[in-house]
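Asker: Handing you this structure, nothing more for now.
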Amino acid sequence: MGIFQIFSGIYVYQILLKQGLSANQSLSTTALVIALLHLVQAVAIPLAIWIISKKGLRFSVFWGNIFLILFLITLNLAQFDMIFLIIASILGGIELGFYWMAYHIFFVELTDDKKQGEEVAISSSLSAIALVGAPAFGGLLISYYGYNVLFLAMIVLVFIAIIPLKYLPKQEDRMSISIWKTALALSPKKEAKSYLALTGQTADQLTSEIFWPIFAITLVSGIIGIGFMGSLIALFATISTLLTGYIIDRFGPKKIIKIISSLDAISGLTRSFVTTPMHVFLSSIVTSVTNQGQFITLDTIVYERARHEDVMSIITQREVAASLGRVIFLIPLGILFWFGMPFPMLFVITAVFALTTRFYPYVTPKDKSYAA
């Protein structure tokens, strides 16, 4: 998906423009379509939990990839009929629910407290390194051959990724679930800070991945410019990831999240003042560093908590809070855009959300006590 991710918002936005919607109406509808996708993700999570408890993590990942292929097919067809955009949102939501629940549980099981920051950083940086050239390649592919060829390339790559799952050694990867612990972890009253922090994290991520490229495309050299911007972001995100992992293990994620959330809010706010191609690239570099640093730090805190409380319940909380947080962020955003909100105001709103990541409750490895 690295060759398409940075273009996904642009793709949907341009489809809507071709339907005769205004720029603000297209932004609004883009936000609402993505909100539908994440609402379906939240609904799919209980099914993913059942599959993981009965069939295992690998089974959930496999079907996540199958739904990803169906999502890509229908998203490509959305160029020709808008109904496929709705179908794609539903299929994409199911894919996210199945794949990411399994991914995060698997990661918690493989890592430990001592080098949690380093392990999260290495995992993220490996994928980021693979993505360094992908956006630039994707931009060239779209410019010269169109989206049809890009979607075909992605479908082939996902098929290739599925093949190793069949030949992995058989092992017990089913996970039991405690209904009571999961219910407590999902309690809005008890876990208000968790929901707030995860909503902030996902709002920040959505703005960077979906809306920033739409804003930037008018200032850089079209799709090719966006592709090279994406590669630049991936490069600096990799550096930030490795550096953040080292700092987390040295000073602890609780201290780092308070600093990085403030830096992320400030860097994100500067996007409101971008007016030239040079501004776009400089802002993209700075925000990629702070975005990724904040993301890695909060995930480290969540993984530590999951390991010391209950893996299934805390990861379920993370995924439900993240998906519903996106919905809560996107629906009002869609309404505001529809009624004419200027695009730069989005970056002001996102900066406020970025500050909330510091509120996630921290569980220390020694006594499991909470820190304010």
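Every residue, even glycine, has its Cβ placed from backbone N, Cα and C.
Look at TrEMBL and you will find 1-368 tagged as domain 'Major facilitator superfamily (MFS) profile'. What TrEMBL records for 31-52, 59-77, 83-108, 120-143, 149-168, 210-226, 345-363 is transmembrane segment.
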Asker: For the domain 'Major facilitator superfamily (MFS) profile' (1-368), what's the mean pLDDT in this predicted model?
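Answerer: Average per-residue pLDDT within the domain 'Major facilitator superfamily (MFS) profile' (1-368): 86.
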Asker: Using Cβ atoms and a strict cutoff of less than 8 Å, what residues sit near the transmembrane segment (149-168) while being 6 or more residues removed from its termini?
Answerer: 1, 3-4, 7, 58, 61-62, 65-66, 68-69, 72-73, 75-76, 138, 141-142
Asker: Within the same chain, where does the transmembrane segment (345-363) have neighbours whose Cβ lies under 8 angstroms from its own Cβ atoms, ignoring anything closer than 6 residues to its ends? I mean 6 or more beyond.
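Answerer: Those are 191, 193-194, 196-201, 203-204, 207, 211, 215, 253-254, 257-258, 261-262, 264-266, 268-269, 271-272, 294, 297-298, 301-302, 304-305, 308-309, 329, 333, 336, 369-371, in sequence order.
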Asker: Counting only residues 6+ away from its ends, which parts of the chain sit with a Cβ under 8 Å from the transmembrane segment (31-52)?
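Answerer: Distant contacts of the transmembrane segment (31-52): 9, 12, 59-60, 63, 85-86, 89-90, 92-94, 96-98, 101-102, 105, 174-175, 177, 182, 206, 210, 312, 316, 319-320, 323-324, 326-327, 330-331, 333-334, 337.
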Asker: Quickly jot the same-chain residues contacting the transmembrane segment (210-226) by Cβ under 8 Å, restricted to those at least six beyond its ends, or write none.
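Answerer: Long-range Cβ neighbours of the transmembrane segment (210-226): 6-10, 13, 27, 30, 34, 135, 139-140, 142-143, 271, 274-277, 279-281, 284, 287, 343, 346.
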